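Input: a single structure, listed below in structure tokens.
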Amino acid sequence: MTFKQIAIDGPAGAGKSTVAKKLAALLGYTYVDSGAMYRALTYWALKNDINIHNVEAIVNLCTSIHITFINQDIAVNNQIVNTEIRSPEVNNNVSHIAKIPEVRKHLVSLQKCIALSQNVIMDGRDIGTHVLPDADIKVFLTASTQERAQRRYIELVEKGIQTSLMEVEQGIIQRDQMDSKRQYAPLTQADDAVVIDSTGKSIDAIVEEVLRIFNGKERG
């Protein structure tokens, strides 16, 4: 049996996760937040006082812990870490871990396995170009830096995480630079991806736009 794959890529704060979750619920697909896997590893390293810049230690940690999705929640060794992985500390360190080739190879392998066994909507930075290069639909979702920062700031405040809009915006700018320049699987728009600029658009409007693309593809 062949399963459907929808890949949604884009920079931090573009609305990928929110859009992907809504689409998954509407289509009955499994939602896979690939970025949450890197965040979970980063959080676990920080929690256990492991030096983020110690590549060998991070690789060993990556292959020794169990990162899974439980009813759309992200878990490490069966501990739900949804809120913890969205902290400013994780935001400021996740790119250091995400650029380690051995880490990406291991987590990409897990992501590919998930996509082989069910219909999935997966979001991240390199899904359409590296993880699921043959995805049925590829979307590259973007937005202005200011709007992305505002969205992420509101998200953090609603979760009770103390930060400032300026700190969030600086973190996004730094993340963009690191994601685009990393040597292994950098943030890149797939040649066959549909670009959607979400600046000024509601989540529902973006979801409807992707659904039109999906329905058009299904009709052939």
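Just so you know, the numbers here start at 1 and follow the chain as drawn.
Using N, Cα and C of the backbone, Cβ positions are placed for all residues, glycine too.
Marked as ATP binding site by Swiss-Prot on the basis of sequence analysis: Gly10, Pro11, Ala12, Gly13, Ala14, Gly15, Lys16, Ser17, Thr18.
The ATP site, placed at the center of the C-beta atoms of Gly10, Pro11, Ala12, Gly13, Ala14, Gly15, Lys16, Ser17, Thr18, has further neighbours from the same chain whose C-beta lies within 8 angstroms: Val19, Asp123, Leu141, Ala143, Arg148, Arg151, Ser198. Most Cβ neighbours within 10 Å among the binding-site residues Ala12, Lys16, Thr18: this distinction goes to Lys16. There are 26 other Cβ atoms within 10 Å of the Cβ belonging to Gly10 (ATP binding site). Residue density at Ala14 (ATP binding site): 27 other Cβ atoms are found within 10 A of its Cβ, drawing on all protein chains shown.
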